[in-house]
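So the structure is just underneath, and the comments pick up after that.
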Amino acid sequence: MSHTPEHETDTIYQSDQGQVADFTFDQAVARVFPDMIKRSVPGYAETVAMSGVIAGRYAQPGSNLYDLGCSLGAVTLAMRHGIHNKVADCRIIAIDNSQSMVERAGHYVALDEADFVADAAPVELACADICQYPLVNASVTALNFVLQFIPLEQRLALLSRIAAATLPGGALILSEKICFDDQEQRLQTDLHHDFKRANGYSDLEIAQKRSAIENVLIPESENVHIERLKAAGFSKVIRWYQCFNFVSFLAVK
Ligand SMILES: C[S@@+](CC[C@H](N)C(=O)[O-])C[C@H]1O[C@@H](n2cnc3c(N)ncnc32)[C@H](O)[C@@H]1O
Ligand SMILES: O=C(O)C(=O)C[C@]1(C(=O)O)C=C[C@@H](O)C=C1
């Protein structure tokens with residue numbers, strides 16, 4: 001197992017900000033990110049851990065595994081551990097366009113290397129826009145709570161590029177916050193906010209975070225995701241996980 005890296009408690013929205021600025025993945029967020037995402041996304045730990053299990057099944061020898069929007073590299077490391085001693089000669093390419101995230105991810109990958117066995121798959125970290133970055137020879141790609149931040153009109157093009165780069169039998173793991181029809185939306189939102197409250201966030205923190213992400217994180221319905229994954233070139237799509245309004249799909253080429 002790797003070390004548990006040190007990080008701080010998320011207090012970003014604790015005091016009244018008056019006008020709440022749009023959410024960005026800046027240095028302040030990168031510093032508290034493990035705490036923030038664990039307390040904000042129901043089922044986050046399971047989606048990360050199972051990305052490793054799924055990678056173990058779908059990775060192919062001599063291929064690339066991509067972690068697009070890697071933040072601190074949690075999925076990168078889960079995939080690295082999941083393929084270890086199972087699939088030879090893979091590279092893991094982890095990309096994020098937040099310099100603060102990529103810097104800290106480098107630290108976590110190094111910690112993993114210090115702890116993990118020597119013949120682990122190499123990890124290449126890049127600070128880049130995933131909508132521009134070339135993708136080739138992919139067996140497994142992860143988009144773990146990332147597509148929701150990509151402008152709507154760019155989502156099909158990104159998924160189509162991923163599908164085109166994916167080897168036959170390869171897979172995409174797509175985890176997202178989703179939306180529902182009005183009645184279910186209210187219930188799921190209430191449950192999500194209950195989850196945040198149970199994790200120690202105050203009503204003010206929940207309200208301010210909601211404003212901050214309103215124009216930045218645009219969720220879509222399960223049906224829209226499944227139809228678009230098929231239009232992009234994946235032949236089989238299943239929802240393998242759901243916890244309240246957060247789901248994860250497995251799309252196979
Ligand atoms: C919620 S976080 C992802 C969490 C991460 N995948 C994990 O499992 O821990 C979203 C990440 O996507 C990155 N991101 C958003 N848009 C991006 C883009 N166009 N190119 C690269 N990274 C992007 C953000 O910087 C942020 O680190
Ligand atoms: O939907 C929310 O309220 C969230 O806080 C979700 C979410 C996410 O899904 O990425 C938003 C931003 C942070 O990265 C952590 C969690």
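Note that Cβ sites are derived from N, Cα and C of the backbone, with glycine treated the same way.
Taken residue by residue with DSSP, Asp129 (S-adenosyl-L-methionine binding site) is part of neither helix nor strand, so it is coil. Taken from TrEMBL, the feature S-adenosyl-L-methionine binding site applies to Tyr44, Gly69, Cys70, Ser71, Asp96, Asn97, Asp129, Ile130, Asn144, Arg210.
With DSSP classes pooled into helix, strand and coil, the tally for the domain 'Methyltransferase' (67-170) is 44 helix, 25 strand, 35 coil. Positions annotated as domain 'Methyltransferase' by TrEMBL: 67-170.
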Residues Tyr44, Gly69, Cys70, Ser71, Asp96, Asn97, Asp129, Ile130, Asn144, Arg210 [recorded S-adenosyl-L-methionine binders]: greatest CA to CA distance in Å: 25
Neighbour count (Cβ, 10 Å) for Cys70 (S-adenosyl-L-methionine binding site): 29
